[in-house]
Structures are given as C-alpha cells and as structure tokens.
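Here the structure comes first, spelled out in structure tokens, and everything after it is commentary.
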Amino acid sequence: MTIQWFPGHMAKARRQVTEKLKLVDIIFELVDARIPHSSRNPMIDEIIQHKPRLVLLNKADMADKEVTKEWIHFFDAQGIKALAINSQAGTGMKEIVSASKWILTEKFARMQAKGVKPRAIRAMIVGIPNVGKSTLINRLAKKNIAKTGNTPGVTKAQQWIKVGKELELLDTPGILWPKFEDQEVGSKLALTGAIKDTILNLQDVSIYGLRFLEKEYPQRLKERYQLQHIPEEIVTLFNEIGKRRGALMSGGEVDYDKVAELVIRDIRSEQLGPLSFEKPQYGE
Ligand SMILES: Nc1nc2c(ncn2[C@@H]2O[C@H](COP(=O)(O)OP(=O)(O)OP(=O)(O)O)[C@@H](O)[C@H]2O)c(=O)[nH]1
C-alpha cells in the first residue's frame, strides 16, 4: 500500500487511533526489529498518552539477535515491556498474551475489587505501514474472527478478534507515519522495504546500506560480493560489485542504478544475513 502522508492524512490517522484508544486496555506498538527507532511514529507517546503498551519487535527473524536483546533491555530501562516476535512464523504469540496480562495485573485487580466481572483484555495494534500489522492480526486470529457486537459508548460496532479466552483484538490496526523527513531514517526505511523505492534516490539508499555494512558487517559484505578488501572510494565499490554481478550497460560500463537495485534487493531479501540497522542510543 502506498500512503501519501499529507498533514491532513496524519491528522486523520492520529484521530482514528485516538478515537479507539478508549476501547482498549493496552496498545501493541508494532515496530521493525531491524530498525526499532526509525520504524516508530515520532509522536507515539503523545498519541497514546498514558495507555499501557507492549512494544512488539516484529520481523525479529530478519534482525541481529544480539542487537534485538539490547533493544529489549533499552525499552525495559524505560519501563516499557518489549518482546521479539516473528508474525510470519507465529513465534512469540503466547508471550504477547502473558506479557499483556502481566502489564495489566494491577488494573484488572482494581476492576475486580470494584466488582467488575472478569473479562478478556482488549488490545489494538498500531504501527507504520508494512511493519506487519495484518500478518500479526491474521496470525493471532487463526480462525477466531468474531463480531462481539456493539461496544457501549460507540455507535459503530467494532469488530473484535478473539485470541483464546484472555485477549480480544480490534480487527483494524492503527496506521501511523514514520519520521520520514529524516534522510537517515528514510534510508533505513527503504532498506528494510518499509517505504517505496520511488520516494528516495536508489543510489543514495544503496550507498547508505553499503557504508553501514562496511562498518558493522564487513565480512558479510566481502563474502557476498567476493571482495578481497573493501575499496575506500564508493565508485570503486560500485564498479567491483557491478562487474562481479554483471550489472553492466550495453557498452560494458557498470550500470550504477542496477548495482544500487541489486544491493538493496540483497539487503531486503536477507542475502547478507539478518541485519540490525540501529542500536539503542541511551540518553535520547
Ligand atoms: N520475515 C518476516 N516477514 C514478515 C513478518 N511479519 C510480516 N512480514 C512480511 O512483511 C510484509 C508486510 O506485512 P503486512 O502484514 O502486510 O504489513 P502491514 O503493517 O499490515 O502493512 P500496511 O497494510 O501497509 O499497513 C509482508 O510481506 C509480510 O509477509 C515477520 O515477522 N517476519
């Protein structure tokens, strides 16, 4: 899905999330485990206010496991519970329910003390485009999509998905925008496939990716493109990759656009292994 984030669209997206906030006990904030910072909405804290939340580091199968652990500690240090999940394979689904129960222990105990009948936890997924919201909903839903009727206080009936006996999920996720004005964030979003290629210059994005690999995963870069050493000049690196991979124009010159495309494709399709593009920055 291509979404144009005009100011009006952002305001509408925000309103839609805000309206549904009162229906749920907890927010599942879905982020990409490879870029947990860049795939967050910049206004998320303001939007969800004090609503309890669980951060879900999705696509953890494509991220560096050690770095993902660091992110979990990072969120933990801020008093935010985070879990690494893989919605495609269904890893971490049980933990979502148990973590939600844990986060809401006090709230539900208070409700019980007031004589409110025990009920399932109500949750809503929010996240930027392509982060895996639908995949997670389908994974959690299995075959349990059920209309649970009108929710008091809202005119439009909300569709809830039952996840076992203990959790109910709103069937429509909240779509939020990323911090796309930032060039670096934009490159990371493009490298992970979160934003469409046409928005950014492909060569710039691939240069960002190559420089990142050179710094963080040099061995994988060398192996993938059979390089003895990594050339300092980016043009030389493009030339070497182009020649080895046959990304040439009709006259035999290296086609830089093709090189850029193949590098981005390789990164997105895990040809360079699981990658984490950012580490937590304490004191942010
Ligand atoms: N490897 C991997 N791929 C995933 C995972 N979760 C989702 N995907 C893939 O990511 C892509 C986007 O997933 P969607 O569920 O369509 O994302 P979405 O957030 O609903 O996207 P929008 O509808 O654009 O807002 C799909 O190709 C999924 O198969 C995961 O945990 N691991």
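Cβ coordinates are placed from backbone N, Cα and C, and glycine is handled just like the others.
For the GTP site, TrEMBL records ASN58, LYS59, ALA60, ASP61, ASN86, SER87, ASN130, VAL131, GLY132, LYS133, SER134, THR135, and the single candidate of GLY8, GLY115, GLY164, GLY174 listed with them is GLY174. By the rule that a residue counts when its Cβ sits under 6 Å from some atom of ligand 1, the binding-site residues ASN86, GLY132, GLY174 yield ASN86, GLY132.
Of the listed binding-site residues, namely GLY132, GLY174, the sparsest CB environment within 10 A is found at GLY132. Of all residue pairs in ASN58, LYS59, ALA60, ASP61, ASN86, SER87, ASN130, VAL131, GLY132, LYS133, SER134, THR135, GLY174, the annotated binders of GTP, the farthest apart have Cα atoms separated by 24 Å. Ranked by how many other Cβ atoms sit within 10 Å of their Cβ, the binding-site residues ASN58, ASN86, ASN130, SER134 place SER134 at the bottom.
In the three-state DSSP assignment, the secondary structure recorded for GLY132 (GTP binding site) is coil.
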